[in-house]
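Inspection log for the structure reproduced underneath, given as structure tokens.
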Amino acid sequence: PAFLVCKTPTGEGDRVLLLLHEPGAGSNGVRLTMESALTARDRVGVQDFVLLENFTSEAAFIENLRKRFKENLIYTYIGSVLVSVNPYKELEIYSKQNMERYRGVSFYEVSPHLYAIADNSYRSLRMERKDQCILISGESGAGKTEATKKILQYYAVTCPASQQVETVKDRLLQSNPVLEAFGNAKTLRNDNSSRFGKYMDVQFDYRGAPVGGHILNYLLEKSRVVHQNHGERNFHIFYQLLEGGEEDLLRRLGLEKNPQQYHYLVKVVLTNTKISLLFHSDLLSIVASVLHLGNVQFAADEQGNAQVTTENQIKYLARLLAVEGSVLRDALIHKKIIAKGEELISPLNLEQAAYARDALAKAIYGRTFSWLVNKVNKSLAYKEGEFPGWRSTTVLGLLDIYGFEVFQHNSFEQFCINYCNEKLQQLFIELTLKSEQEEYESEGIAWEPVQYFNNKIICDLVEEKFKGIISILDEECLRPGDATDTTFLEKLEETVKNHPHFLTHKLADQKTRKSLGREEFRLLHYAGEVTYSVAGFLDKNNDLLFRNLKETMCNSENPIINQCFDRTELTDKKRPETAATQFKNSLSKLMEILMSKEPSYIRCMKPNDAKQADRFDEVLIRHQVKYLGLMENLRVRRAGFAYRRKYEVFLQRYKSLCPETWPTWDGRPHDGVAVLVKHLGYKQEEYKMGRTKIFIRFPKTLFATEDALEVRKQSLATKMQATWRGFYRRKKFLHMKHSAIAIQSWWRGTLGRRKAAKKKWAVETIRRFIKGFIYRNHPRCPENEYFLDYIRFSFLMNLKRNLPKNVLDKSWPTPPPSLCEVGSTAPGQMALEQKVIASEIFKGKKDNYPQSVPRLFINTRLGNEEINTKVLQALENEAIKYAVPVIKYDRKGYKARARQLLLTQNAVIIVEDSKIKQRIDYANLTGISVSSLSDNLFVLHVHCEDNKQKGDVVLQSDHVIETLTKTAMRADKVNNVNINQGSIKFTVGQGKEGIIDFISGSELLIAKAKNGHLTVVAPRLNSR
């Protein structure tokens, strides 16, 4: 590693800050490792609870959590377990930059984070090709669902991508809001509480890209559909439908926006839940049918039998569920029993009818939720054809499941949830001890047996065959006769009365009976005592739906309901499994899945019940520490050595503390660490040397080493500062010296080059002057042009200095021969005459005239070799005085065509390649028109009485001033050149006229307008 030295000006002089730059930090720059954060442990606590000195103290554990929470450090490790505290506010720790910071980095190289767990599992999956799983647990509101989302987002950003992979990523992320709508609800503790357990498998191909997924759901709280505790709400989807549904949709479903109209929602007031509804119409019909079921009311007839009093609701239900209304009505108030092959129809009383209605609502919602999960699974299913690979896929599982629950009133749901947590705790302790033991054995260190509470005794109490609570509950549900919740409790007391972890009012002593009701039993879980009320246990476990209601649903024409209610249920003679047995079996399968994978753990906690940021409720935290079994986790992890690191990492960090290892150690890292710990004075009982790692037993040993490193840094900083200053000053001096030499060298070279250039110029000037003098009487040529120009310049400057003093002075110096050239030669004189004529015609009238003034008019723009020989032959002896390329615009369509304009002694001739297209004798040329703008367009007006002439000619020339001047002079039409503003009219044929409109604009544009005129847009070059 390299030290980064920064000067910070203070009142006490310059202070040097040293930061260790870890290998592999990349663009993120400086990383703080776990050890480097120990220096601030008094303020922010330790990043790993394993490093707590008093690890058996619950108070020290909670104080460390409080310190970190106060500093917005919500993540802390217990070894490889992550403890997460919900901050109830947005923290800037989930950006893409943070994701990259944790990507591909060793677990302890960066501070604790959700991304570190996610990346560690992902790298293990890729490198070891072994399935992984991340177990996320905690109370409602602790942030389990958010943690799952963050992990999925991390994989979506950091995993390899392709078009197909992006589709899978999107589906994985989009499955969350769909399942949350149907499976989450507002509770007293959490506004978005998951009311089901979820295990999601994400499949990765050999490149590490997500290619598929699968979701298992556990124990949906169906009872919430028909009943919610005070202050809680039903599932989100009901409120989203009412608030987010459009008027037409609600009218079709027979719904109103006010949730107070529905008995299943009447307990709460709707808050803002505007969410766009993207669900299938059949699915929304089912959701609406549950609300209508809740509004079905009954009244007793003379015999005490229930009768439906809300026919309107039955009509809506029949349409939404696609069943016969009369059949549904009868099924709600009658029960069908098959005994010895005979069907018996028995009417229901008011209580039974209400039970049947609620059972149907729960069955419809629960089965629809399972259908929805299956639908999501189909969309996530891995398809070999879409993602071909030469290796099979690996799987990373995410378990988002309810934590241990202890309420004032605990029922069947809490019993199942806490049983699940007992199983997970059992699995956690077994796997933690197993991984610890494997690490010790691989490092060659003797394993010391760990004493811990084995909760198998509680798991057996719940799940043991014939004698467990679930077996007794099932037996009571299945036995003939009047089985009630009370008889179930009595059976429990009779069967498991001697179990040390089971207690009832009857079995308790006098003191304990005061806290136990007669319809309650108490279990001593690994996390503490929980008292359960047996009320509703049998009904919730039976989860019975009367046969005639099943038959009605099986006949539904709603495709989703039809899939949810299988006809085989009607013919299956076997009694369906109870809810507890189903849960026990699915939990057993989950344990098998988790045992087959490498696990990682995230324990979520909430700091207060008010969902407020920066508030730390110590009583609530202590409760969660207890029920999450965190102290037990820590005790197991600290049973041996508190700290372990690879020799290379340990030596790299602390080598400066020993003269023999500083600044470099050339031998084996193992030997270097041995020398280092000997120099530091480690006692034999404080550490062990493994095959690849050093194990330190006590945190205080590590803290002492870290404090020594802080002291050492100061002396190193002084030494490095002195070395740096010397190096910097010497480097600066050498740079200045080099610069001075470079400047001197450059300046000498510049002076030399200037002197040589001046000499060269002088020699060339003298040579040109002498040569010009020799050729002074020859026509102008390259040899004499410099001399002649000099003579002209000298004469004119002398003339300027000696101008006549008055108008009577007739004396004039004799000009040199070179100044008599123009006056004595015809071409030069003609060019001047043409310039004068051009000035008379165009000066102040044509916008582009000033640009033509400095350009000489030349004899012709086309040589004879550029004019077709056939044209030359056709003209016979007629000499071409001037030729120029032009563009001719057709008289009708104004299509542009390339032409040549030739001026002879008698006529203007328009030529196309080898053909003479038009000959205009000067006598027939009546005038020339041109605009006042900067365009190059002009019109030759022709006398049309001659049948040979087709009409006026519209032309464009790049040398318009030159061309028009020469044409006007040749045809003697100088006074017939018309400079127009606005538009020019011209003759198309006999009796027909065309118009050219001229408009000032930003750039030149010539096009036919909709009115049939030729429109010319030209920029203004000069303001007049």
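Including glycine, each Cβ sits where the backbone N, Cα and C put it.
Residues or ranges marked as domain 'Myosin motor' in TrEMBL: 45-710. Averaged across the domain 'Myosin motor' (45-710), pLDDT in this predicted model comes to 85.
The Cβ of Gly138 (ATP binding site) lies under 8 Å from the Cβ of Ser84, Lys144, Gly403, Arg603, Cys604, Met605, Lys606, Gln624, Leu628, each on the same chain and at least six residues away in sequence. Annotated ATP binding site per TrEMBL: Gly138, Glu139, Ser140, Gly141, Ala142, Gly143, Lys144, Thr145, in sequence order.
According to TrEMBL, the feature region 'Actin-binding' maps to 587-609. Counting same-chain residues at least six beyond the ends of the region 'Actin-binding' (587-609), those with a Cβ under 8 angstroms from any Cβ of the stretch are 65, 69, 80-88, 114, 117, 120-121, 124, 128, 130-139, 141-144, 147, 188-189, 199, 216, 218, 395, 397, 399, 403, 419-420, 423, 427-428, 431, 615-617, 620-621, 624-625, 628, 630, 633.
Summarising the annotation, TrEMBL assigns domain 'TH1' to 846-1020.
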Completion exercise
Same-chain shell around ATP excluding Gly138, Glu139, Ser140, Gly141, Ala142, Gly143, Lys144, Thr145, C-beta within 8 angstroms of the CB centroid, reads Asn86, Asn190, Ser193, Gly403, Cys604, Lys606
Problem - Fewest Cβ neighbours within 10 Å, where candidates are the binding-site residues Glu139, Lys144 - result: Glu139
Handout entry: Winner by Cβ contact number (other Cβ atoms within 10 Å) across the binding-site residues Ser140, Thr145
Key = Thr145
Handout entry: Gly143 (ATP binding site), number of other Cβ atoms within 10 Å
Key = 24
Problem - Spatial neighbours, same chain, of Gly141 (ATP binding site) - Cβ under 8 Å, 6+ residues apart - result: Asn86, Thr187, Arg189, Asn190, Ser193, Lys606, Asp609, Lys611
